[in-house]
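Structure record follows, encoded as structure tokens.
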Amino acid sequence: MTAHTVPEEDSTMTDSTWSTLPNWKFRLFPRDTRTIVTCVFLGLLMAVFLQITERLDLALTGGTVPIVSAVVVCAIWVPASSFYGITGALIVAWINPIISNLTASQPLAPFLFVTNAAHTLPVALLVWLMKSRDRGLNLWQVLIIGQVGGICDAIAFGFGNAIILHMPFNFIVGQILVVQPAFVAGSFITYIVMRRLLKTGLIAREREASSAVGVV
């Protein structure tokens with residue numbers, strides 16, 4: 001009888017677009033081959049997107065305010081950090097800076113190793129702190145996590161503007177404030193992407209792991 005109640009609960013949770021996400025198994029330091037290969041793929045996919053958005057930001061703001069990139073990075077960085085912990089956070093964060101430095105896609109390319117990790121690492125740590133084992137994250141938790149990661153990213157980007165481009169303090173404060181709405185919009189995209197990925201079955205579910213233990 002209990003075997004029938006769990007699927008019913010899952011189906012009601014997935015009926016609403018903005019309901020709590022289906023649960024998944026979170027590990028802070030996954031080291032399995034599947035995780036590493038998946039994260040490398042996501043990092044390469046993100047690098048392709050960012051080669052486009054970085055040039056758009058370069059045309060719009062001279063590369064000093066990553067408005068377009070701020071929306072796009074949320075679609076892959078946050079899900080990768082949320083599903084694959086610090087391992088995923090670092091892999092997806094550091095693939096694009098390698099390509100950006102090789103192609104000189106924007107003036108802050110050397111500093112992107114710092115700014116990208118400043119976004120993804122807090123996300124992985126916040127998911128570890130906020131996600132309970134028996135349920136997924138809700139929309140508000142995703143928004144909060146996205147904003148914290150975004151503000152850390154923006155502050156690190158501000159340091160890059162100060163160190164490399166010698167931008168004044170007032171400009172850096174403005175850059176941090178301007179980019180935050182982009183991270184809010186990106187967090188809604190994050191939520192939708194995470195829900196879709198969880199529905200595909202590619203992400204290990206906590207319920208599946210628990211039932212496997214129960215069978216043994």
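One-based numbering along the chain as shown.
Cβ coordinates are placed from backbone N, Cα and C, and glycine is handled just like the others.
What TrEMBL says about a protein is an automatic prediction, not a curated fact.
So that you can see what the record holds, here are the features copied from TrEMBL:
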TRANSMEM  35-52  transmembrane segment
TRANSMEM  58-78  transmembrane segment
TRANSMEM  83-102  transmembrane segment
TRANSMEM  108-130  transmembrane segment
TRANSMEM  142-165  transmembrane segment
TRANSMEM  171-193  transmembrane segment
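The transmembrane segment (35-52) makes contact with the transmembrane segment (83-102), as judged by at least three Cβ pairs under 8 Å among residues 6 or more apart in sequence. Distant neighbours of the transmembrane segment (142-165): 21, 64, 66, 70, 73-74, 77-78, 81-82, 107-108, 110-112, 114-116, 118-120, 122-123, 126-127, 130, 171-173, 175-176, 179-180, 182-184, 186-188, 190-191, 194; these residues of the same chain sit at least 6 beyond its ends, with a Cβ under 8 Å from one of its Cβ atoms. Listed as Cβ neighbours of the transmembrane segment (171-193) (distance under 8 Å, sequence separation of 6 or more from its ends, same chain) are residues 17-18, 21, 64-68, 70-76, 78-79, 139, 142-143, 145-147, 149-151, 153-155, 157-158, 161-162.
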